[in-house]
Amino acid sequence: MAERITGHTELIGLIATPIRHSSSPAMHNEAFAKLGLDYAYLAFEVGNEELEDTIKGFRAMNVRGCNVSMPNKTVVHKYLDGLSPAAEMCGAVNTIVNENGVLTGHITDGIGYMAALKDAGIDVIGKKMTLVGAGGAATAIAIQAALDGVAEISIFNVKDKFFERAEQTVRDINEKTNCKAQLFDLADLDTLKAEIATSYLFTNGTGMGMKPFEGQTYIPDKSFLRPDLIVSDVVYSPRETALLKMAKEVGCKTINGLGMMLFQGAAAFKLWTGEEMPIEHMKKTLGIEY
Ligand code: NAD
């Protein structure tokens, strides 16, 4: 790294809190080094209170861009000049690109999720998926899946503050894409079972299965699953959630959240540098298996 940094090196940031646990700095710096690109990626502990000043500072310093994570994803748009169509529909930004002082917000989580499926040989285009969740990750997945050509999406969520947001997401998908979207209460387990039974893919798009919900799943028992169902999870810590463990026992093909993490990073990397992230090299050096 010391040999790599020069007076010309451009900064790319990551702004979130807490953020010290993130694997994004290791991932992007490894990719810059591998391709000989003159950038450095650093994480900054920034919350909503410091957000406006941080973006002003990035503008003033002409920083190339940054990633944005919680709690800033749904707030940062206020300080930007424009949004990509997917970021506009999701109401969230995870990547900012600075083009000569014009700051545009993008969301690459959904792109990353769809790319990870493709990389794992899973083709959901023209088929039906059932998705649990209506937060940032799940909304990005639903919208990108609909934009990419998934035929039908059944979304389940508990009746919390995210449910209303899901109603808007379903309306947007039905109005703006060819995908048919429906929303159900996650408490309605009979309907969940019936929707999964007619789906090609079942996805957990919430933090269920990771701390403080480690060892838990929304699926009450194995009768909800079948061997030819594909089961995916946005969670990657632990690598195998209770849902994926149960799915493997039933004989389902499974995919954890590591692929989504890698490919959302790759999509941001492409936006900043114009280059493809060296995916196979990243998988090997970061020990990514999904
Ligand atoms: P969020 O806070 O925006 O959404 C939370 C979701 O969980 C909502 O749908 C909410 O209704 C649901 N939920 C919360 N508590 C619940 C409970 N007790 N019972 C039932 N449902 C409950 O969070 P997010 O940003 O969407 O993140 C969700 C998960 O996705 C996190 O685990 C995060 O680490 C993961 N994630 C992974 C990637 C990746 O690249 N793999 C990217 C983004 C997020």
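Any Cβ shown, glycine's included, is placed from N, Cα and C.
Automated prediction, rather than curation, is the source of TrEMBL annotations.
Keep in mind the model is a prediction, meaning the values are calculated, not measured.
Features of the protein shown, as given by TrEMBL:
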DOMAIN    14-96  domain 'Shikimate dehydrogenase substrate binding N-terminal'
BINDING   SER22, SER23, SER24, SER69, ASN94, ASP109, TYR236, GLN264  shikimate binding site
ACT_SITE  LYS73  active site, proton acceptor
BINDING   GLY133, ALA134, GLY135, GLY136, ALA137, VAL234, GLY257  NADP(+) binding site
DOMAIN    257-286  domain 'SDH C-terminal'
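The 6 Å Cβ screen around ligand 1 retains ALA134 from the recorded positions LYS73, ASN94, ALA134, ordered by sequence position.
Neighbouring residues of the recorded shikimate site, listed in sequence order and excluding SER22, SER23, SER24, SER69, ASN94, ASP109, TYR236, GLN264, comprise ASN67, MET261, GLY265 (Cβ within 8 Å of the Cβ centroid). In the predicted model, the domain 'Shikimate dehydrogenase substrate binding N-terminal' (14-96) has a mean pLDDT of 96. Secondary structure at GLY257 (NADP(+) binding site), taken from DSSP and collapsed to helix, strand or coil, is coil. Other Cβ atoms within 10 Å of the Cβ of GLN264 (shikimate binding site) number 26 in total over all chains. Sparsest Cβ environment among the binding-site residues SER22, SER69 (other Cβ atoms counted within 10 Å): SER22.
Using ASN94 (shikimate binding site) as the reference Cα, a 10 A cut-off selects LYS73 from the recorded positions LYS73, GLY133, ALA134, VAL234, GLY257. Farthest C-alpha pair in the shikimate-binding residues SER22, SER23, SER24, SER69, ASN94, ASP109, TYR236, GLN264: 18 Å apart. Cα of SER22 (shikimate binding site) to Cα of GLY257 (NADP(+) binding site): a distance of 14 Å. Neighbour counts of Cβ atoms within 10 Å were taken for the binding-site residues SER23, SER24, ASN94; the minimum is at SER23.
For the domain 'Shikimate dehydrogenase substrate binding N-terminal' (14-96), residue counts in helix, strand and coil come to 36 helix, 18 strand, 29 coil, using DSSP. Looking at SER69 (shikimate binding site) and ALA137 (NADP(+) binding site), their Cα atoms lie 11 Å from each other.
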